[in-house]
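Some notes on the structure that comes next.
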Amino acid sequence: MEEELKSFVKVWGSAIISVSYCYYIPSKIKSGVHRLLSVLPVCVLFLVLPLFFVFTIFSSTTAFCLSILANFKLILFAFDKGPLLPLPANLFRFICFTCLPIKIQKNPNSQNHLPKWVFFCKAAIFGVLLNVHNYKSSLPPILLICLYPLHLYLVLDVLLTIVNALLTIILGCDLEPHFNEPYLATSLQDFWGRRWNLMVPAIFRPGVYHPMRSVCQPQMRSDWARFMGCWTTFFVSGLIHELVYFYINRETPTWEVTWFFVLQGVCTAMEKAVKRKTRWSLSPMLSRLITVGFLVVTGYFLFFRQIERSNMLERRATEASLIIDFVKHKLSNFLL
């Protein structure tokens with residue numbers, strides 16, 4: 001455990017030093033290829049850092065924050081785009097907005113904040129799910145299909161909401177929420193674009209969708225250019241998730257996750273095309289059932305099977321227990 005914490009300090013210390021370099025040096029270079037070349041060594045380093053961990057909690061968190069989000073932010077920053085512009089007022093803010101999955105909320109008064117009791121209900125359900133996983137072997141398959149996506153959503157929503165609340169106090173500014181009640185999505189476009197893990201579409205739109213659409217626009221009809229932009233965005237997302245799975249399991253990719261996102265990209269693009277050409281629509285309740293049902297079923301067979309085979313959730317629970325016991329032991333020694 002101590003070795004893992006030493007690795008944590010070294011990895012994130014290296015990340016802070018690297019981002020500090022980006023704040024003082026590349027930010028002074030003219031945007032474009034030259035600035036991109038100046039940040040590329042940092043991007044390569046961020047791809048390597050998750051490999052220093054054994055615990056999946058640390059490797060997956062570092063991969064998400066540094067290898068994916070921070071790298072995309074820095075590449076967009078090289079071309080004067082993305083969430084790092086305008087340049088934060090000081091180094092501390094630049095480090096936070098680069099290394100952490102946060103973004104300043106542009107219109108804080110326009111957001112419909114849910115009552116606090118909703119968050120506490122989610123936290124309570126998450127606590128129940130942790131105990132339910134102990135009896136996973138005796139649960140019927142139909143229940144497992146719903147259990148995995150619910151667990152993923154709640155663990156991300158609860159933890160990221162807590163992180164957002166703390167950083168809002170520390171930074172003194174309102175931050176964008178990560179989720180917008182995805183279980184209320186009435187379409188795939190609504191789910192992926194406006195409700196699920198909102199930091200990712202905020203980066204993928206300027207980083208993947210718009211460039212791909214611009215490249216395709218002169219070569220094909222606008223409908224097909226939009227389709228290629230949408231499909232490419234989901235394809236890149238699939239490759240990124242395969243990379244995260246590699247950091248966690250250190251195994252050859254199965255490409256199941258990539259196929260999941262390819263399927264989502266094709267279906268989302270087709271859904272958008274149908275909406276533009278017809279006025280046919282379903283009731284909101286039926287739309288929600290179809291959308292969430294499609295995501296849950298396809299997610300179980302293409303996204304969560306790899307998690308199930310690798311016992312990822314059980315490993316993370318064991319690691320969390322080890323970390324808590326280690327902290328308790330150190331605190332008791334310190335106090336005594």
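Cβ from N, Cα, C; glycine included.
Feature annotations, reproduced from Swiss-Prot:
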TRANSMEM  7-27  transmembrane segment
TRANSMEM  38-58  transmembrane segment
TRANSMEM  59-79  transmembrane segment
TRANSMEM  82-102  transmembrane segment
TRANSMEM  117-135  transmembrane segment
TRANSMEM  152-172  transmembrane segment
TRANSMEM  228-248  transmembrane segment
TRANSMEM  284-304  transmembrane segment
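Most Cβ pairs under 8 A with the transmembrane segment (228-248) among the ranges 59-79, 82-102, 117-135, 284-304 are made by 59-79. When Cβ-Cβ distances below 8 Å are used as the criterion, the transmembrane segment (82-102) is approached by residues 12, 15-16, 19-20, 22-24, 27, 64-66, 69-70, 72-74, 76, 160, 163-164, 167, 170-171, 175-176, 178, 199, 202-203, 206-207 of the same chain, each at least six residues removed from its ends. Residues 93, 96, 100-102, 119, 122-123, 125-126, 129, 178-179, 182-183, 197, 304 of the same chain sit 6 or more residues outside the transmembrane segment (152-172) yet have a Cβ under 8 Å from a Cβ within it. Non-local neighbours of the transmembrane segment (117-135) in the same chain are 147, 150-151, 154-155, 157-158, 161, 313-314, 317; each lies 6+ residues outside the stretch with a CB under 8 Å from one of its CB atoms.
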